[in-house]
């Protein structure tokens, strides 16, 4: 009998073992769809990004007008740009839901997979930040100035570090060109990291909603989950297309329609919505270095998730108190996101500080305590 090429060819064999004959737990829910959705987001962003880069000029005098030219004169340039800008938002929606799923179902106990995932998140955040600077509008310029300035909080070498990052004494042409370089490079780095992430995942196999070993009940990835993934793609690409075609500027800042002007500061500098929770945490501490450390901690805290797991059960499926805490954390993040978009004045300052405190308290203190408490409850 002739060997099946899909199973014998050196390259096809790898694809087969990852996407076709992969043994998958039969009970994984729609929460397991976000990994493949992130893959689609990455592919879409790289494709639209390459097409945009072909028409973009990384120069302070030309950047803004080159983006306007792309939207006005390039065939479907407006659509490519709108898909790219809003695709970033969908990328972050998917990654936040993917991380939330990981926290809820204890996926962080696959430490290598989890750690590469957190590194992927950090790389994605860096990519989105440098990308936002490229259109060289007011918010691009001032966002770059404010965020890069945070490095000056580093003791001793801070100022030198910032000037080195800027390539001068302020955000200017060298900054824009290096940000374009980074924005072009990082997505390919994300692609490489994604392969590592998947390699680690396929070492152990997928987790499942019950958090128990599922070797006795696995089904092939194709056709079951390949079809389920295609449904997921449709359900994500439909709202993306709707947003890009009907209200492409809904999530953007109107300030960015004004070309960058170093002499005029916008009344309220704020990042895109997906960074607002971290921005709120940064602002809640009235000290530069403290704020920077809190900002870094807000994301780096994810590395600690495996160490803070004290429960005998892997997932939160049968842990009502942990569930309550988890959804409190989710609501708290929404509050932080809202506070980050508000001006720094009376009610918002204290709300932001309380929400920041709650965020760290839940993750660092309450989750381990409740986990240990639920273990005790198993005895009764």
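Backbone N, Cα and C atoms are what each Cβ position is placed from, and that goes for glycine too.
Segment annotation: Swiss-Prot labels transmembrane segment over residues 78-99 (candidates 12-33, 56-77, 78-99). Per Swiss-Prot, the listed range annotated as transmembrane segment is 227-247 (candidates: 227-247, 248-268). When Swiss-Prot is compared with the stretches 158-178, 179-199, the one noted as transmembrane segment is 179-199. Counted over residue pairs 6 or more apart, the CB atoms of the transmembrane segment (114-134) and the transmembrane segment (289-309) come under 8 Å in at least three pairs, which marks the two as touching. Under 8 Å from some Cβ of the transmembrane segment (227-247) lie the Cβ atoms of residues 30, 33-34, 36-37, 40-41, 44, 79, 82-83, 86-87, 89-90, 94, all in the same chain and six or more residues away from its ends. Counting only the Cα atoms, the space from residue 202 (ubiquinone binding site) to residue 84 (heme b b562 binding site) is about 30 angstrom.
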